[in-house]
Amino acid sequence: MRRFGRPVAAAVAVAGLVGLGLLAVPAGAGAQPELPPVTPEELVRSVLEAKPGPFAGTVEAENALGLPALPGLPAAAADGTSTARVWAGDERQGRVQLPTSDSERTFVTDGATFWTWDSDTREVTTGSRAAQPGRGPAVDPATAAGELIDRLGGSSTLAVDGTAEVAGRPAYELVLAPQPTERTLLREIRIAVDAEKRMPLRLVVLANGSPDPALRIGFTDVAFGPQDPALFTFTPPPGSTVRTAPAERPGNRRGAPNAQVRTVGDGWDAVHVAERGAQAPGNIPDLDRIGTRVSGPWGSGRLITSVVGSVLVTDDGRIAAGAVPEQVLTEALTR
Amino acid sequence: MTAHSVIGPAETGTGPVATPAARVSGLRKVFGSTVAIDGIDLEVPAGSVLGMLGPNGSGKTTLIRMLLGLTRPTAGTVELLGHPVPAAADLALPHVGALVEGPGFHPFLTGRENLRRLAAAEPLLATADIRPAVAAALERVGLTAAADRRYRGYSLGMKQRLGLAAALLVPRRLVVLDEPTNGLDPAGTRDVRRIIAELHAAGTTVIVSSHLLAEVEATCTHVAVLQSGGLVATGELASLLAAGTGGLIVVTPEADAAVRALRAAGATAYRTRDGEPAVVVSDDGPPAPEIIALLVRTGIPVHEARRRRTNLEELFAQLTEDGS
Amino acid sequence: MTAATATGPAATVRGAPLGRLLGAELRWVLRRPRTIAFLVLFALVPVVIGAGVAIADRAGGPGRGLIGAVAGNGLVLPVAALTVSLALLLPLAVAMAAADALAGESAAGTLRGLLVAPVGRLRLVVMKAFGVLVVAAAATLVIAVLGVLCGLVVVGWAEGQMVTLSGTTLGFGEAMGRVALAAAWTTGQLLAVGAVALAVSSLTEHPLVVLAAVLGGVIVSGVLAAIPALSWLQPYLLTTGWSAGADVLRDPLPLDGLGESTLRALCYLVVGAGVTVARMLRRDA
């Protein structure tokens with residue numbers, strides 16, 4: 001027994017190492033699944049019309065936007081990987097949980113009422129669904145990609161670039177690239193669309209000048225089917241502070257209150273310009289320490305750039321932002 | 001399946017015994033670049049008490065550790081009670097008690113608890129017999145009074161006694177004791193001698209390593225002498241001693257002249273090896289009074305004349321100093 | 001039987017009953033003052049956290065993170081205490097047990113006694129691994145039990161319920177289930193640490209080397225995880241999964257992190273066990 005013992009023990013140790021390697025290496029992108037061909041237009045239409053029904057899933061976002069770390073911004077905005085757990089119910093019901101290593105933020109809506117919960121502050125914010133724009137944070141690729149297709153479809157060249165497997169499901173790779181006239185920092189957006197449910201499963205944003213995605217949001221795990229209705233309601237736990245969101249002041253506290261937002265241009269090089277007034281400096285981070293000082297016929301201000309977009313904050317209180325270079329922002333300000 | 005009778009030493013002690021208690025051949029052990037044991041062949045007859053002698057660093061402990069399967073030989077084979085070691089050590093070791101490299105016990109346990117822990121690992125001991133066996137072993141080495149004190153507070157002699165008790169937990173066919181009298185007072189030494197004698201009387205084979213030669217001479221039937229990892233002498237103690245015995249030692253400042261005179265008279269004579277101004281005269285020549293008379297007649301001063309009686313110490317000195 | 005006696009050595013029993021060996025090891029581990037000292041220390045961890053949270057709660061609002069979640073929510077205390085202890089204290093205790101198990105016994109000269117008894121070398125590893133298991137399980141059990149008691153008595157409980165990080169509430173029974181899951185998962189991670197420590201222990205005669213190796217490993221893992229350029233290394237590190245302990249406080253219970261870290265622990269366990277056995281089968285004692 002002793003003679004065979006050592007080789008066996010050594011083999012066991014090696015098996016453990018191999019197991020560790022298998023665990024560490026992500027399940028490789030398997031062979032591209034065979035799917036019936038589809039035209040880009042058909043695919044886009046089916047995405048916009050799709051009703052995937054209830055599902056539960058885990059979303060992983062990989063962020064390389066190159067945003068400066070700003071106090072007051074959610075941790076997910078900084079470069080790195082973050083995870084969200086997403087549930088969708090039948091109609092406008094949803095639940096999103098954003099875990100960090102030792103806390104969690106939860107967003108729940110039953111269609112009529114919404115609740116948000118932050119485990120760090122133990123605060124519950126609740127209000128009627130009408131008071132909350134959108135469906136909670138657009139953390140799931142389905143929502144985000146749907147909005148993008150809606151907004152950018154017209155100014156893009158569309159293509160279906162083969163197939164892929166996302167979260168174990170076969171999917172078409174829809175590629176949106178800006179038309180040559182669009183003056184944007186972005187190169188292309190790739191959306192993996194579930195072959196059966198026609199729900200976007202993964203969204204990849206590629207910027208000019210970099211082969212690596214600036215942003216990748218995708219399901220790592222998704223299951224369609226009826227969900228427990230208890231997921232879409234929320235009872236404030238004992239010991240929590242409940243705040244009711246005022247119905248007449250939509251938006252979250254961190255946004256610019258009473259801001260007038262207008263959009264200059266459309267498609268990929270659309271620029272959003274907001275007049276926030278010079279007041280309420282406490283609401284936005286101190287910009288003097290980040291960004292570069294710029295000036296021009298439009299006035300002067302600070303420019304913050306990232307891989308996928310730029311923001312210009314002028315000294316007289318205007319904000320221009322878009323997935324565009326500086327020049328397009330300043331043009332939008334003078335218009 | 002569970003009912004195995006303990007093979008008592010009595011069974012091996014009576015009648016002719018075929019298998020030696022231990023046998024090594026061509027044994028060699030190398031630690032890095034140091035050769036600890038260099039080609040030893042040794043057979044320990046069943047029922048014997050083998051004294052293993054040798055200066056510090058001669059390889060006694062390494063040899064014992066290889067006998068017990070604690071250390072793997074670099075080359076050569078070891079057989080213990082007829083079983084190859086270390087391959088089938090688990091067949092032999094239940095019948096072997098050992099005290100190796102001093103006692104090893106846990107300071108935070110009492111002597112009794114330490115022994116119970118070891119007794120739990122004894123294959124030949126039924127669970128119900130552990131308590132009485134431990135008590136009996138403690139009694140045998142005279143530790144009953146201190147049994148429930150922590151090992152931490154034991155004196156060196158008590159520690160040594162506890163180690164001895166561990167070797168005697170079950171009736172053994174072979175007991176190996178590495179420096180058993182280390183740290184013992186004269187009473188303790190007598191106890192060890194008594195225990196070895198008892199074991200011998202019961203037919204148990206005993207291997208004792210020691211550098212206390214009087215100890216070995218008093219208790220052993222066989223001797224093996226190690227020197228620098230090699231075996232320089234082995235055999236029955238009586239015959240080894242007899243081989244070097246006899247003759248007359250004459251102490252004289254004119255040793256060379258004495259040798260010449262004696263040889264001229266037909267006696268076998270040579271100078272002693274240790275540099276003492278003396279001459280050894282064999283018994284095969286003229287009787288002692290004549291030899292002394294001859295020397296005096298020749299004008300050689302005789303300071304002292306005595307019978308040469310080899311004791312183990314002398315034999316040991318001869319054997320181990322040859323190489324240097 | 002008589003015939004067996006007559007045939008001589010071939011009839012020998014191969015070894016003492018395994019249960020008896022494990023019992024002896026259990027007594028040895030629990031009689032060791034160091035083990036007792038560590039268990040007392042672990043009993044203090046939830047008490048200190050609970051008292052600290054209770055005082056801070058009176059002084060101001062709840063803190064952030066896992067400790068903050070304990071305030072007024074006593075059933076979270078055992079989980080928080082386990083998570084905090086897993087960072088360093090628990091691995092230290094397990095490393096200590098593994099260091100004493102082989103290197104310590106070898107240094108004290110007591111390993112020979114067992115081998116000569118004889119305890120087969122494979123059985124010796126089983127016996128020693130059991131001792132380490134006992135320490136790991138006892139340590140987590142002490143933290144979990146004291147955590148629950150202290151959570152209920154010192155911190156107070158949220159109407160007999162546990163408020164999860166996700167903002168939902170769990171009844172007492174389910175909360176106890178979550179605490180038990182945290183304890184079991186923590187024990188699993190500790191067994192991986194213990195197996196690696198035992199492997200180191202089998203390679204050295206100096207118990208301190210084992211402690212240094214395990215603590216060094218835990219600390220270096222933490223440092224490596226903080227270097228973005230080495231992020232590819234993270235899936236290989238045992239400590240990477242150690243934040244998954246907080247997952248038992250989320251609702252619905254996410255099993256991905258717990259499962260993956262447990263599988264990783266299993267791999268470490270297998271490697272440690274293989275190396276230990278391979279080494280002990282030949283080790284000179």
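Cβ atoms here come from the backbone N, Cα and C positions, even for glycine.
Over in TrEMBL, the protein carries these features:
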type: TRANSMEM; residues: C:36-55; note: transmembrane segment
type: TRANSMEM; residues: C:75-99; note: transmembrane segment
type: TRANSMEM; residues: C:130-158; note: transmembrane segment
type: TRANSMEM; residues: C:178-201; note: transmembrane segment
type: TRANSMEM; residues: C:208-233; note: transmembrane segment
type: TRANSMEM; residues: C:262-281; note: transmembrane segment
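Proximity of the transmembrane segment (C:130-158) to the transmembrane segment (C:208-233) is not established, fewer than 3 Cβ-Cβ distances being under 8 Å for residue pairs spaced 6 or more apart. Beyond the transmembrane segment (C:36-55), the same-chain residues lying 6 or more positions past its ends with a Cβ under 8 Å from any Cβ of the stretch are 30, 62-63, 67-68, 70-71, 74, 77-78, 80-81, 84-85, 89-90, 93, 96, 135, 138-139, 142-143, 146-147, 150-151, 154-156. Counting Cβ pairs under 8 Å that are 6 or more residues apart, the transmembrane segment (C:75-99) and the transmembrane segment (C:262-281) reach fewer than 3 and are not in contact. Within the chain, the transmembrane segment (C:208-233) has long-range Cβ neighbours (under 8 A, six or more residues past its boundaries) at 87-88, 91-92, 94-96, 98-99, 103, 193, 196-197, 200-201, 239-240. Sequence-distant contacts of the transmembrane segment (C:262-281), counting only residues of its own chain at least 6 positions beyond either end whose CB sits under 8 Å from a CB of the stretch, comprise 102, 121-122, 124-125, 129, 185, 188-189, 191-199, 201-203, 235, 238, 240-241. Cβ atoms under 8 Å from those of the transmembrane segment (C:178-201) belong to residues 75, 78-79, 82-83, 86, 90-91, 94-95, 97-99, 101-104, 125, 128-129, 132-133, 135-137, 139-141, 143-144, 147-148, 162, 170, 207, 209-210, 213-214, 217-218, 238, 241-242, 244-245, 248-249, 253, 258, 261-262, 264-273, 275-276, 279 of the same chain, restricted to positions at least 6 beyond its ends.
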